[in-house]
Amino acid sequence: MAAVQVVGSWPSVQPREAPREAIPERGNGFRLLSARLCALRPDDSSSARTEIHLLFDQLISENYSEGSGVAPEDVSALLVQACRLVPLNQNHLVSKVSQLIHHLLNRLQVIVDEQHLDFLLAYTISAIHQCSSWTHREILQALAALVYCNGSKCQKYLPELLGNTGLLMKLSDLAQSDPEVRRAAVHCMANLCLSVPGQPYLEEPYQNVCFQAFLTILQSPKSSDMDDITFCMLLQNALKGIQSLLNGGRMKLTQTDELGALLAVLKKFMFHGLPGLNIEMPTVLYPTPLPQYDGRTPIKPQQSESSASRPTLNKKKKSKVKPKKIQQGEEEEKESSGEIEAAPVTGTGRVNLHEGNTWCPSSLGVQSLPLDGSGAAEKDGVSSSFSSSSWKRVSSSESDFSDAEGGMQSKMRSYQAKVRQGALVCFLSTIKSIEKKVLYGYWSAFIPDTPELGSPQSVSLMTLTLKDPSPKTRACALQVLSAILEGSKQFLSVAEDTSDHRRAFTPFSVMIACSIRELHRCLLLALVAESSSQTVTQIIKCLANLVSNAPYDRLKLSLLTKVWNQIKPYIRHKDVNVRVSSLTLLGAIVSTHAPLPEVQLLLQQPCSSGLGNSNSATPHLSPPDWWKKAPAGPSLEETSVSSPKGSSEPCWLIRLCISIVVLPKEDSCSGSDAGSAAGSTYEPSPMRLEALQVLTLLARGYFSMTQAYLMELGEVICKCMGEADPSIQLHGAKLLEELGTGLIQQYKPDSTAAPDQRAPVFLVVMFWTMMLNGPLPRALQNSEHPTLQASACDALSSILPEAFSNLPNDRQMLCITVLLGLNDSKNRLVKAATSRALGVYVLFPCLRQDVIFVADAANAILMSLEDKSLNVRAKAAWSLGNLTDTLIVNMETPDPSFQEEFSGLLLLKMLRSAIEASKDKDKVKSNAVRALGNLLHFLQPSHIEKPTFAEIIEESIQALISTVLTEAAMKVRWNACYAMGNVFKNPALPLGTAPWTSQAYNALTSVVTSCKNFKVRIRSAAALSVPGKREQYGSVDQYARIWNALVTALQKSEDTIDFLEFKYCVSLRTQICQALIHLLSLASASDLPCMKETLELSGNMVQSYILQFLKSGAEGDDTGAPHSPQERDQMVRMALKHMGSIQAPTGDTARRAIMGFLEEILAVCFDSSGSQGALPGLTNQ
């Protein structure tokens, strides 16, 4: 009922909607009574009091239906008039007017406007001060209705209500003798804490006052004078108050004791009234990775068997509808606890799942799974979202309590279930308000672990999922578990249980692995026992969340197999939501740590394995013959393209998803499919979309298996993109992009796919020809759906380059023309996707030497680089980087025609745009500096000689220097150092003589010695070793500064406060040693004294690191450091040879000292490795 929303119940924190537009024939009774009331004047006579009493009674008893035509302002005005007529010395009338305020505001769903609120608040507060205590409950109910969603307008009354001696603080105190008054006061506080979007919230001091008051109530035991139902309602109000503080007030729980105290009471009340369970909790839960003790004592069986456990399987629930007045939702909601018996499941129901039960999922055959989710429980209104507005789920199957003999017991269970639901929803708000790393400190308090032999399992969220009699509470618990699991991948990644050896203690990694295993076991148990379709959906979604985050590559096999085999029958379930969530779970399995050998085997199972007939509206799993055929095209047998390891077993999941997407369902749409389009012959849209998503995930993770269906999937994509539903079209385009990406990955040099296992190029050409002759071009030009256009652009950029060059010329031109045209789109999504696609095409071997195309692409990219959207500019900068990579590739080809024909003016324009982009956000800057480095490397002597280029070259190099030195993101500085190395590669630039030379070297030496990020240091050291001639390093002083900086960098190669940087130490030393040896091999006679001086001070340190450099293998860095020990040894020998060739002045000792240093290094290396080097010959020089 509408009244439930305001007082004492959980359903919604959303503001009450204003009544509908007035309907003339309705509300006449209210208007007549209102007119009579407004005609009265204050009068203390008994007849006047009697008349007011009668009018109030009539107003309360009036039948107000929805859309009664009563305006909110009329209600507010009437209440103000009523209060003016009632002096505060008339207790009975004050009580009656309080009932009127409470009744009208709730019944008519009115929020009092600010104009009248001030008067009414002042009146009710004064009434509490002046009237007898027996009236306080009604007055507080009126006050709760007034402040509902009006907290921001009550600021001036907050000190009087919530101050140290405030009314609500006193009346809600444990010392309050009347439990109903105490409960009503707490309810007022909870309503004050409700937030309204866009309105100011309670100030922080009042938030803290309310939070402590609610927490104290939850921590205090039930007083002897309070009955159980009132206690439950008190708990509900306190929980609702905390939930409102966390949701709307964005209250942050920063203190460990504060959070621990809240979690302790939430855990306690999650199990409130649960049959057969009574837990004692500590006052505070402290974060710990170890399981916490739950002092748990079973309740003695004082109740009958039917109430102490889940109802028996053959006993039917009685239900009678009793019309009752329900006040403000706090006395009673029209909802029972939802205790609805489980449908029989091969003789095993939830009633048998006692605490000591250790029933393993491995014992569950798929035949015992509930294929038909029918039963009374299916009508339960359990939504997939238990947000702050979800505690009100009233349905006809939960209407009232049973007859007199069990009515009180049933009512009690209903209120206890609401407390459990309230605690769970409050816990959900708590999870959202704290950081995940803080939450996971309490993992063991809420997540089950595997019990030791003979010891009971500690209570957890899974206890509720398995044993709570209310489907709504079970679904609430599952949603909380899902929220905990969401984003837990990093935390769970430490789990490891692949080894069986016993230890004297249980490592944290093993404990987490046990938790993951137990979650699988319990969730699969819950799935078998559950009869409510809505809760089944929640279980499957929770499993999907678990599967997405668990590290199966570090766990023992069979966990995924059990989930896989148990979920397969639910694909045929009668409820479409169950079917969709089942596909979501299968998608999670095929996407987690793909490819997993265990999943690969599961995908190759026979089609019929574990699937039963459930009279559902889903298609047959045995599709018509044309889907059973071997993958289409002359291709597959002739070109040896088959499923992995030569298996001829088709992938049943791909077959299933294809049939769901393209085949008509076999019978009429069931009631649960009502969400699908009227008269549709296909599966409901959510089902088809999920099937397309699973196909996309299969293409991403198991492409070797998916490619066998390439042409069939091409037909599926064409069908989807030809449909009217933009969502189906979009998912078809996503599948196309993933298939295209998979084909590209196969042809990459580092691909693990054997050449004979790749899809042959001619087959890929056939595939893309089908796409380009189909609905793809139409989707690219569908400006009404820009998201589809953008996705189609992404798909077009996933063409295999080898296949693109073999497409007919008209299809190639179509792709290029469409992309260049779409670059002018006004939609940012489309423009970003187009810019990226052009950045891919400029790398195609068949296009990169086409000067006209490269120039057109460059102009389009430069235009996008000036867009207002950061995303567009970021994509354009990436494409500009690719385009300049193409310039470098073309420069390295023997044919100079490209360089000669490429426009100098366009180069100038590109340099200016890249300089501007280097001042942009980091997303743009990182690729802008990359482009600058390539452009400066590409410049020819003919360009550099022109005066127009001199200034722009200087600006470009200054932009790079500035970026190297700036405190930008690591990727930006890394790219800037890389770009500087590219600049040094251009022999036409005046490196060594130009004024910017010293600035460039100083920037790099600063980075190599002091940058916090070791990858950036490595790249700067690599750049310092690029110049191939001594004169390019500049003066003797400059050379000495570079040498000394590298020696210092070697000394500081382990100095870091970030532990993660240590793994790059060896790579950094390798690169610095290479740079030092490079400098030795280029040094002139005037450079030697400085080198000698440094070696005298730090020679032992340098020698030890160079020896490590010579003896170590490849370090896996991409800086170009020689990988083989022989190459490294040769570098030192060449440096020694160069030293011997230097003509030093007579009496100079520096050359001899350095040669001795190098000879000693080679001698030590020779002794340790036994290599046959020609040391004597070099020494004699």
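Cβ coordinates come from backbone N, Cα and C, glycine included.
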**Complete:** Between the ranges 11-30, 371-390, 391-410, 671-690, Swiss-Prot assigns region 'Disordered' to 371-390
**Message:** Quick check on the record annotations: which of Ser177, Ser337, Ser614, Ser647 is tagged phosphoserine by Swiss-Prot?
**Reply:** Ser337
**Message:** By the record in Swiss-Prot, which of Ser470, Ser643 is the one labelled phosphoserine?
**Reply:** Ser643
**Prompt:** From the set Ser46, Ser336, Ser642, which residue is assigned the annotation phosphoserine by Swiss-Prot?
**Reply:** Ser336
**Message:** Quick check on the repeat 'HEAT 4' (558-595): DSSP residue counts for helix, strand, coil, in that order please.
**Reply:** 30 helix, 0 strand, 8 coil
